[in-house]
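All remarks here apply to the structure that follows.
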Amino acid sequence: MLTHSSATDILTLSPAKGLRGQVSIPGDKSISHRALMLGSLAEGETTIQGLLLGEDPRSTAACFRALGADISELNSECVRIRGVGLGQLQEPADVLDAGNSGTTLRLMLGILAGQAGRFFAVTGDRSLRSRPMGRVVEPLRQMGASIWGRAGGTLAPLAVQGGSLKGIHYRSPVASAQVKSCLLLAGLLAEGTTQVTEPALSRDHSERMLRAFGANIQVDPETKTVAVVGGSRLVGQRVQVPGDISSAAFWLVAVSIVPESELLLRDVGLNPTRTGALRVLQEMGADIQIENLREMAGEPLGDLRVRSARLRGCTIAGDLIPTLIDEIPVLAVAAAFAEGITVIRDAAELRVKESDRLSAMAQELSRMGAQVAEYPDGLEIKGGIPLHGAEVDSHEDHRIAMSLMVAALGAQGSTLLRGADCARISYPDFIPTLQRLTASPLES
C-alpha cells in the first residue's frame, strides 16, 4: 500500500511483496544540465533528446533563457536550442535563480565570469544559499574573476562582474566534477590554457561534451589533469541523454532487498566515472547483469537486469567515492539490509549537499531500527537487523527521500515519510513508478 497526501506532503508506504517489470530511467541530470548550457553557448542549433524534466534542469533552462538563449519548451522528446555564441550572453534584467541546483549555480559562475562588460546577480533557494561556493569562487578569482557575496563571496546570493580571465593550473583539494567543470567553462573564454588536476578522477561528462561541441580539450588520466585552451568555437550538436545511473541505483537496491523481485532498467548511462555504485553492489552480492551494451553520443549505456539477492557488507572509500557520491544514501540502505558491517569513509562532501546526507541517513535509518555509527567523513552500518516502519523525514533532499522510500519497501510495517515531493527535483516519476510496481493505489 502506498498513499500520498499532496496537501501535507506525507507518503505512507508498506512493505513490498515483489517488484517486477521494466522501468525507463529518466535522463541523466548531469548530462541534461551540460547539454542545456553548452547548447546555449554554441553557435547554431542544438537538439536534446531524453532531457531530464526535473526541477533542476528547469532552473538551468530558465537561467539561460534570461541570458538570451532561445530554448524551446522542455520535453523528453526533443528540446531545441538556438545558442548565442560563447561570449555573447546578454545581461539579464533580473536576478538569475538556480533554485535548488548546485550544478546550475556553480557551473554558471564559470560561464558568467568571462562575459566581459556585463553584470550578473545569482541566487538559489534556502538550501542552495547555505551551500559552499568558495570552492569555485576562489579559483575563479585566481583567473581574474570579480565575484562578491555573503561570507566573502562564499555563499549565494552572489554578484558577478564579467571581465577578462587568464588560464591557471588549479590543483583541486577535492575530486569534484562541479569544480572542474566550472573552471573548464571559464577557461573557454580565458587567455591561454586552463588546467585542473584532481586527487581522484571525477565524472567526465563535461570533457566528453565539450569535445563534442568543438572545444580544445586534453585529458591526462595518469596525472588526473584536464586542460582546455581558450578561444574555442562551440558549434551546436545533437545530444542524446542516457538514463541516469544515480536514479537507477534506487531500483537496483530496491530489487536487491525485496524478495522475489526482478526488474529490467532500460537505457542506463554506464560512463565508467559514474558506475561505482554498480561495482559496489555487485561486490555486495547483488545479482545485476548488463545487457545490450552500446555507445550513444560518446556515452556508454546499456540495460540493467537486477534480481533479488542476499547482500553482504563491504568497505566504500578512497577513489571509489567520486564515482558514487550521489548514490551513498541508497547504498546506506543496502548496507542496512546486508549481512555484516559496511564502512563508508572519505565522503565528507555529503555534509554540504542539499542536506547533510551523512547525518540525515544516520538519523532516519536509526529511527527504522538500523545500527548506524556516524564518522566525520562517513558511516558504519551493522546490517542484517530487520528494519521496522517509522516516521521519517526527507530533510527536503530528493536523494534522502527516495532512499527512505526504498528502505520502507523492505521494512516490517508501515513507514510515514514527510517531505516526499522533493523527489521530483531529479526523478519526477519516481513515486508513480513505485506505485505501479507495487500495484498500490495512489491517494491524494
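Quick reminder: no glycine exception, Cβ is built from N, Cα and C everywhere.
The 3-phosphoshikimate binding site annotation in Swiss-Prot covers LYS29, SER30, ARG34, SER176, GLN178, ASP326, LYS353, and the record cites sequence analysis as its basis. DSSP assigns SER176 (3-phosphoshikimate binding site) to coil, not to a helix or a strand. Around SER176 (3-phosphoshikimate binding site), the C-beta neighbours below 8 angstroms that are at least 6 residues distant in the chain are ARG135, GLU198, SER202, PRO322, GLU349.
LYS29 (3-phosphoshikimate binding site) carries a helical DSSP state (H, G or I). Sequence annotations record features per position, and here Swiss-Prot assigns phosphoenolpyruvate binding site to LYS29, GLY102, ARG131, GLN178, ARG357, ARG399.
Around the Cβ of ASP326 (3-phosphoshikimate binding site), a 10 Å sphere holds 23 further Cβ atoms from the protein chains shown. In the three-state DSSP assignment, the secondary structure recorded for ASP326 (3-phosphoshikimate binding site) is helix. As annotated by Swiss-Prot, active site, proton acceptor applies to ASP326, with the evidence given as sequence analysis.
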Ask   = Using DSSP and three states only, what is ARG131 (phosphoenolpyruvate binding site)?
value = coil
Task = Could you tally the C-beta atoms, other than its own, that fall within 10 angstroms of the C-beta of LYS353 (3-phosphoshikimate binding site)?
result = 20
Task = Going by Cα-Cα distance, pick out whichever of the binding-site residues LYS29, SER30, ARG34, ASP326 is nearest to ARG357 (phosphoenolpyruvate binding site).
result = ASP326
Remark   = Given the binding-site residues LYS29, ARG34, ARG131, ARG357, ARG399, the candidate whose Cβ has the fewest other Cβ atoms within 10 Å is ARG131
Ask   = What is the separation, in Å, between the Cα atoms of ARG131 (phosphoenolpyruvate binding site) and GLN178 (3-phosphoshikimate binding site)?
value = 13
